[in-house]
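Visitor: According to TrEMBL, the protein has these features:
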type	residues	note
TRANSMEM	193-216	transmembrane segment
TRANSMEM	258-286	transmembrane segment
TRANSMEM	292-316	transmembrane segment
TRANSMEM	328-353	transmembrane segment
TRANSMEM	359-381	transmembrane segment
TRANSMEM	419-438	transmembrane segment
TRANSMEM	450-471	transmembrane segment
TRANSMEM	483-506	transmembrane segment
Amino acid sequence: MVVDMKKKIMACLVAAIVILCSLTHVRSDASNHRYKEGDDVPLYANKVGPFHNPSETYRYFDLPFCSPAHMQEKKEALGEVLNGDRLVVAPYNLEFLKDKESEIVCKKKLKQEEVSQFRAAVSKDYYFQMYYDDLPLWGLLGKFDKEGKDDPKDKEVDVEFTYSVKWKDTEIPFEKRMEKYSQISSLPHHLEIHWFSIINSCVTVLLLTGFLATILMRVLKNDFVKYTHDEEAADDQEETGWKYIHGDVFRYPKYKSLFAAALGSGTQLFTLAIFIFFLALVGVFYPYNRGALFTALVVIYALTSGIAGYTAASFYCQLEGQNWVRNLLLTGSLFCGPLFLTFCFLNTVAIAYSSTAALPFGTIVVIFLIWTLVTSPLLVLGGIAGKNSKAEFQAPCRTAKFPREIPSLPWYRKTLPQMAMAGFLPFSAIYIELYYIFASVWGHRIYTIYSILFIVFIILLVVTAFITVSLTYFQLAAEDHEWWWRSFLCGGSTGLFIYGYCLYYYHARSDIKSLGLLEVQQVKIEAMQRRLVFKYFLSFLQGIDCTVRDPLMW
């Protein structure tokens, strides 16, 4: 059960040596990665866990390794704690440019329970993770000897823990020492798959664009021409289809407070996604920049809460809502509420199993203070600004006093079938890229091709908008004027397909034994898509109706 550190250290130290060797007249400092011969280079032990279940991780010294007399933990940023990192100083003395052979860490007598603990960890393919001068290194705890005889009965055993160090020169410059961790995702066969996904998505966009253009040019243009050249005859004819319900199209939706709150939350999540993509494209999230993504998510979400408050309150007041304070409270809790309940459940389970995913009390207090002192005040300020914006809902035609009765519709024009059709096409445009994303989020793959991911993100938005506009037009052509919530749900239905693919990936493609962030990711995608599609179609519908009512605009 002795952990052989020699090969692990040799494989992961190479990238840092050349730069360090040439700097012999500078002060030793781990912050600038410059050392002199004989200086101690920090080695931190992070966590252990089953290789096939990356969501299940424990502290390194939860296993009976040689632990230092005084456990010294590394001060970690918020994002590192959220990422489940728990770095402690390892009891290995690794001096710069000093080779060592079979150096003894400690001699320990393992009890029967400790031997059983090691046996269970090896049987589950446990791996360990460490950081040496900020370079990540991994290794399996061990493997069973298939040829040898394995004693099924555990018993006490004397163990000598040793490690070896071998320094070698390298020609890799210090600035490029992280590139080898990201080269896997840039291999030619992986890039071919990514580009195939983009081409497939572009074909879908072109087909939908042609489909939508056909509707606009062939169907609507005839009506425009009729209203323009023969206005009197058009007034005498009985209106049918979407023209028949022009007095009901802009009737305010039911549950307008909830609708405005969802619109505000989606706007905030969309802004959050744009900022995250920007940081990724400029190289902030390089491989194993511990906790950078989680820190950015928390900080940007807190700073963009004013956008949610402004959008929700402004739109709610445009819909002639009165209780804007309640609407603001609903906006603030619409995403944070389910997120908080999910966190409470997952954190309780993590605490019960002593997992590193469990957040310390101090981190929870910090997040609560961020929400109390930053998120909530900005949400209120944004809501006040939205209420005082004096924006009015500019409907291009007068709404009838009494709503028209909606005719009976066939089953395939109901909400659920429409949602299924609206979500399938956008999902088919991104499902190939989803595999790599899931393999990175819930696996050990490294995803660094953020430019391709951004292109797929844009394609997702375009396809979702196009298909929802088309389906909503068909809904109005069937004289069904309750389009507000329908367009919102159809736009976000892709999130349901993504959630279903999460479950498929969980059962068929991975050995994960616990559900974690699946629900949170699906809710964020769905809310953002719904907001975008609704705003897109609202502008589209206002333009069409205004053109039909005013022939001079044509």
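Using N, Cα and C of the backbone, Cβ positions are placed for all residues, glycine too.
Automatic, uncurated: that is what TrEMBL annotation is.
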Visitor: Considering only the recorded stretches 258-286, 328-353, 450-471, state which has the highest number of Cβ pairs under 8 Å to the transmembrane segment (359-381).
Guide: 328-353
Visitor: Within this structure, do the transmembrane segment (193-216) and the transmembrane segment (258-286) have 3 or more Cβ pairs under 8 angstroms, counting pairs 6 or more apart in sequence?
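Guide: Checked: the transmembrane segment (258-286) vs the transmembrane segment (193-216), no contact.
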Visitor: Taking the transmembrane segment (193-216) as reference, which of 328-353, 450-471, 483-506 has the most Cβ pairs under 8 angstroms?
Guide: 450-471
Visitor: Taking contact to mean three or more C-beta pairs under 8 angstroms, with sequence separation of 6 or more, is the transmembrane segment (419-438) in contact with the transmembrane segment (450-471)?
Guide: yes
